[in-house]
C-alpha cells in the first residue's frame, strides 16, 4: 500500500517525524508530501523543507519526500496512493481533519484517511510554536532535529 503524509512542515518537528516513522511501519511506501503554496510562502522554501525531512529519515528505506502544489488528492492519485496519513494532536485537529476527509472523499472516494494520535510529548507541539520559542530565545532541543534547529536560528537571524 502506498500512503501520503502531507503537510507544510515549516519547519518539520519531532512530532511530524514520529508520525512518519510510525506510519512507515504499516505502509509498503510512504511519501512525505511537502505542500508548496506560492500564494502563502513559509519561512523555509519547499526545497529546504524537503531537505530537512530527507536528512531526518535516512534510516527509513520505504519513505521518500517530495514537494507538491495543488490539491492533495490529485497528488495522491498521481503517486498511486490510496491512503492519507495525518497526525492528531488535540481536539481542534480532529475537526479540521474531518472537514478535509469529507471534502477529499467527495473529490476521490478511492482515497482513505488514517489518523495517528501524536505521542503525548508532542501533543501541543506545532511548527508555529517552535518558531515563536526560537524567536523569543527559548530552547528547541527535544522538539526539532539539531540540523533543523541550526537552520531555523540562522533563518530567523537573517529576517
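Cβ coordinates are placed from backbone N, Cα and C, and glycine is handled just like the others.
In Swiss-Prot this protein carries:
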BINDING   16, 87, 88, 89, 97, 122, 123, 124, 125, 126, 127, 128  ATP binding site
SITE      16  site 'Transition state stabilizer'
BINDING   40, 72, 86  substrate binding site
Binding-site residues near residue 97 (ATP binding site) (Cα-Cα within 10 Å), from 40, 72, 86: 86
Three-class DSSP secondary structure - residue 88 (ATP binding site): strand
For ATP: widest Cα to Cα gap among 16, 87, 88, 89, 97, 122, 123, 124, 125, 126, 127, 128 in Å: 18
Binding-site residues listed as 16, 40, 86, least Cβ neighbours within 10 Å: 40
Proximal residue to residue 72 (substrate binding site) among binding-site residues 123, 125, 127 (C-alpha distance): 127
Nonlocal neighbours by CB distance (under 8 Å) for residue 123 (ATP binding site), same chain, sequence gap 6 or more: 89, 90
